[in-house]
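Working notes, beginning with the structure itself.
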Amino acid sequence: MSSPASSWLNTSWISSNTQMIWNLTVDHIKLAVPVIVLVFFLSIPIGYAAHRAGLSRRWKPARSAVIVATGILYGIPSLALFVVLPVILGTSVLSPLNVIVALLLYGLALQVRVVAEAFDAADPTAKLAATAIGYSMWQRFWLVDLPLAGNSIVAGMRVVAASTISLISVGALIGVTSLGDLLTAGFQRSFPTQILVGIVGIVVLAIVADIVLVIAGRLAMPWRSKVVA
């Protein structure tokens, strides 16, 4: 009689399918990296524009509209978005581009608000001092505003990375290969080992992405560690 542990973890299946697991992991990474990078580079200008709009009585409604729109967008079920996007983009249902675009929209929905609020919370005294010594708007953005908002932006990106890596697995339901394939196949076959390997793989990728973002944040903002020390 097999033990509960052995029924959940079939090591012989894992050892004989190592290459397949690795290939699915690589596919998962190929979907996640473009999304995370694009969210970072797109959310900063959009979030900063929303922040600037909030400073003007005339443009304040535009900021509110952007924040509300991103909230509504994140509420759309991911599977529904994966199915609708091929019609909008003119792509194949099985195209990985559908998943990338959908998760890019979800990532922006999360991060734009974070970025806008990070700029809102930046020390106004530092901003005024920069303006007083003659910084242009763009000099102040690069040398004052962005560094002050950096901690919150990195924290938001860590959430985006975890969310993206998790949601990629849903793409397996429409035939886009990733570690999610192990979950769907495991459920269809009632084979817990496949499910467990898929879950562990996704969690490990999320942890690795989080560590990479923390290190990148410390390298980009070395003064953070000095302040903590």
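Count begins at 1; order follows the chain as displayed.
Here the Cβ of each residue, glycine as well, is placed from N, Cα and C on the backbone.
As recorded in TrEMBL:
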- 25-212: domain 'ABC transmembrane type-1' (DOMAIN)
- 31-50: transmembrane segment (TRANSMEM)
- 62-89: transmembrane segment (TRANSMEM)
- 95-116: transmembrane segment (TRANSMEM)
- 159-183: transmembrane segment (TRANSMEM)
- 195-216: transmembrane segment (TRANSMEM)
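A Cβ distance under 8 Å defines the sequence-distant neighbours of the transmembrane segment (159-183), meaning residues of its chain 6+ beyond its ends; these are 21, 24-25, 27-28, 31-32, 35-36, 39, 78-79, 82-83, 93-96, 98-99, 103, 106-107, 110-111, 114, 194-195, 197-199, 201-202, 205-206, 209-210, 213. Note on the transmembrane segment (95-116): residues 30-31, 34-36, 38-40, 42-44, 46-48, 50-51, 54, 63, 66-67, 70-71, 73-74, 78, 81-82, 85-86, 89, 149, 152-153, 155-157, 159-160, 163-164, 167-168, 171, 174, 176 of its chain, located 6 or more positions outside it, place their CB under 8 angstroms from a CB of the stretch. Long-range contacts of the transmembrane segment (62-89) within the same chain, counting only residues at least 6 positions beyond its ends with a Cβ under 8 Å from a Cβ of the stretch, are 46, 50-51, 53-54, 95, 97-99, 101-102, 105-106, 108-110, 112-113, 116, 167, 170-171, 173-174, 176. Panel annotation: around the transmembrane segment (195-216), residues 8-9, 14, 21, 24-25, 28-29, 32, 36, 154, 157-158, 161-162, 165-166, 169, 179-183, 186-187 of the same chain, lying at least six beyond its termini, place a Cβ under 8 Å from a Cβ of the stretch.
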